[in-house]
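Read through the structure below, which is laid out as structure tokens, and then see the notes.
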Amino acid sequence: QLAVWFVLQYMSGFGNEHASEDPRCPGALPEGQNNPQVCPYGLYAEQLSGSAFTCPRATNRRSWLYRILPSVCHKPFKPLEEGHLTHDWDEIEPDPNQVTMLEGALVLPRGQLNGLHTLCGAGEPRGRNGIAVHIFVCNTSMTDRSVPAALVAQQGKLLITTEFGKMLVEPNEICVIQQGMRFSVEVFGETRGYILEVYGAHFELPDLGPIGANGLANPRDFLVPVAWYEDRQVPGGYTVISKYQGKLFAAQQDYSPYNVVAWHGNYTPYKYHLEKFMVINAVAFDHADPSIFTVLTAKTTRAGVALADFVIFPPRWGVANNTFRPPYYHRNCMSEFMGLIKGHYEAKEEGFQPGGGSLHSMMTPHGPDADCFEKASRAKLEPERVADGTMAFMFESSLSLAVTKWGLQTSNRLDKNYYKCWEPLKSHFNPKCK
């Protein structure tokens with residue numbers, strides 16, 4: 001049974017050096033060194049490295065785990081034919097058209113892996129350069145299983161058990177589980193959400209530049225779980241699932257992988273509530289670029305070019321004068337996958353619903369639908385609340401994303417008439433009137 005203190009207690013800070021030990025075993029963390037000859041309580045020391053040993057200190061990511069048995073104690077991994085994940089971006093011919101999935105499915109029953117579907121992506125996991133966008137739907141908790149991912153909760157609560165401790169993730173929260181970390185998910189009824197998988201890069205907080213020292217997602221609002229362990233044998237076998245080179249593999253072991261009594265380091269899972277985001281916005285004229293709403297970024301080696309940005313469109317005030325306030329029409333050298341957690345997206349109120357999504361490929365034009373354009377062009381420009389009760393987000397990438405066969409052909413929720421939302425746009429050009 002989950003103790004109340006554990007549900008409520010986290011440590012705060014993004015990328016911090018944290019140290020935590022289960023209060024049932026005080027002094028479990030070795031003093032003054034990482035790997036003593038004999039660890040307290042007879043534990044095993046194990047390092048989890050998220051970066052090369054020789055990375056600069058500012059980007060070096062690693063944690064030391066002190067566990068009842070080391071994670072090496074398992075049977076050989078075997079291929080797992082389950083789920084609908086892929087990194088085959090050549091399943092179908094390229095399609096530059098705008099794509100919209102009206103609403104996320106809630107088809108029952110769903111196991112956690114069979115409810116995972118890849119929508120789009122690019123890159124190659126063996127070269128550790130790329131991303132994949134998945135959706136998940138489930139109503140069955142993951143029991144005695146462990147699998148890697150990172151997610152945005154859209155409907156339903158997720159109680160996530162990791163090697164570092166437990167986190168409760170609710171709609172309007174995001175959770176990042178980093179490469180190599182094992183976790184299981186307990187759900188409470190129908191649950192769905194989005195997953196952004198990044199090959200070979202870590203999320204960082206975006207640089208603030210002229211904004212200054214504060215703003216956007218503040219480091220103190222990121223929460224890291226505290227240590228919690230279970231010393232549990234599993235007679236029927238505990239299944240550990242590994243995603244390796246884009247394929248799923250399963251190994252059996254007879255003990256819980258969540259047997260970490262204490263840990264310290266800066267390579268951890270974490271969660272963040274999107275309502276904590278400090279919005280920066282235009283207060284004079286014109287519509288600011290959506291980069292001002294970036295929560296997390298996974299950088300490339302090119303300055304200012306992201307492998308993946310996680311961007312949100314939260315409730316805020318709109319006060320710009322002499323300005324078309326909704327998002328402007330544009331073509332972009334980035335690929336944009338939009339999702340909706342709740343409410344209605346401001347540029348397409350009758351477009352996709354919560355749980356749905358859209359993909360605007362690089363250099364494919366997009367923008368407000370005809371109804372939004374006409375209303376915003378005639379609106380009286382007074383201070384107004386924008387997006388109240390709404391939370392839309394965007395996975396943006398410098399890669400050219402390909403849609404999977406399932407995303408285009410298997411899903412019966414695609415809006416095949418998406419392009420028609422712009423057909424009512426008409427010319428207002430009058431050479432006699434400036």
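Even glycines carry a Cβ here, placed using N, Cα and C.
All annotation found in TrEMBL is predicted automatically rather than curated by experts.
Worth saying up front: this structure is predicted, and the values here are computed from it rather than measured.
Per TrEMBL, the features are as follows:
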ACT_SITE  H287  active site, proton acceptor
BINDING   H330, E336, H366  Fe cation binding site
BINDING   Y345, H366  homogentisate binding site
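Here the Cα atom of H366 (Fe cation binding site) is found 14 Å from that of Y345 (homogentisate binding site). Cβ neighbour count within 10 Å across all protein chains ranks H366 highest among the recorded positions H287, H330, H366. What surrounds the Fe cation site, by Cβ distance within 8 Å of the Cβ centroid and not counting H330, E336, H366, is the set P327, R331, N332, H360, T364, P365, G367 from the same chain.
The two recorded residues, E336 (Fe cation binding site) and Y345 (homogentisate binding site), show a Cα separation of 15 Å. Burial estimate for the binding-site residues (E336, Y345): highest at Y345, by number of other CB atoms within 10 Å.
Distance between Cα atoms for the residue listed as 'active site, proton acceptor' and Y345 (homogentisate binding site): 16 Å, as a whole number.
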